[in-house]
Ligand code: NCD
């Protein structure tokens with residue numbers, strides 16, 4: 001059974017089978033990344049535009065490396081050097097790029113839902129590299145692959161997500177993906193940073209304290225406070241935040257002894273996590289980054305129809 005979607009905008013739109021297919025393709029793509037010559041002809045002749053309206057280190061580099069490993073041609077555009085600074089609308093930028101016949105546009109944008117808007121206007125594939133506080137599907141997929149690497153499964157796991165849930169597109173994609181795959185997600189954060197009604201997204205429990213969320217957890221995912229999306233600050237100060245919602249070697253002991261610690265990056269060391277935990281034995285943070293390349297190779301491959309170049 002193949003992948004039927006032209007775009008990947010949100011894990012909410014994918015079935016459990018779609019997610020399984022993307023993860024298993026990423027597992028096989030990984031082998032290419034450990035070769036001496038890390039390149040296959042799979043997407044030869046395809047053109048991919050990375051259109052990033054927001055800052056990015058990991059996601060943009062990872063999509064570019066993924067495309068290059070599959071032999072696609074890539075072009076990167078950032079707003080500071082594009083005509084967005086001259087007042088061009090998103091739709092006009094997209095239509096102009098489309099005139100150059102790209103096969104995929106990978107876009108990051110501050111406006112939630114901007115990818116749905118574009119996908120109605122342009123026929124080429126669109127991959128969401130993060131839209132506002134809505135979704136970040138490649139991060140959700142790479143998180144699931146990293147968890148599956150350790151436990152061999154995703155069902156029946158207790159996954160705690162701690163921090164600024166309201167403004168986190170990573171949290172939304174993780175919740176959508178993990179609950180579809182059978183995990184139980186426990187959330188904790190300051191009341192101003194937990195959206196009302198989030199339990200309705202699936203097998204999700206909102207905990208009054210961080211302690212309850214991480215108690216006996218298999219996985220602890222920590223989030224950065226998305227100050228850039230909050231408008232006004234929603235917490236008294238970083239020290240107080242860290243006292244109630246920061247992960248340190250002491251409170252990590254509440255989780256299962258072999259619990260894995262994850263973070264999408266960028267990390268504010270000493271705020272949401274102590275350096276002991278970031279660099280500690282239970283941290284899988286760099287493994288997430290490593291898996292990101294294979295996951296993005298799988299996404300590019302499947303939106304292009306999942307066929308090999310001759
Ligand atoms: C996240 C993002 O941009 O949503 N980072 C990432 O893509 N790895 C999380 C964040 O910015 O805190």
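Just so it is clear, glycine is given a Cβ too, placed from its N, Cα and C backbone atoms.
TrEMBL names 58, 59, 136, 139, 265, 266 for binding carbamoyl phosphate. Of 12, 30, 108, 229, the residue it gives for the same site is 108. Closest in space to residue 108 (carbamoyl phosphate binding site), of the binding-site residues given as 86, 169, 224, is 169, taking the CA atom of each residue. Model confidence over the domain 'Aspartate/ornithine carbamoyltransferase carbamoyl-P binding' (6-148) is summarised by a mean pLDDT of 95.
Ligand 1 lies under 6 Å from the Cβ of the following binding-site residues, listed in sequence order from 58, 86, 108: 58. If you compare every pair of Cα atoms in 86, 169, 224, the residues listed for L-aspartate, the longest distance is 32 angstrom.
Between the CA atoms of residue 86 (L-aspartate binding site) and residue 136 (carbamoyl phosphate binding site) there is a gap of 28 Å, rounded to the nearest whole number.
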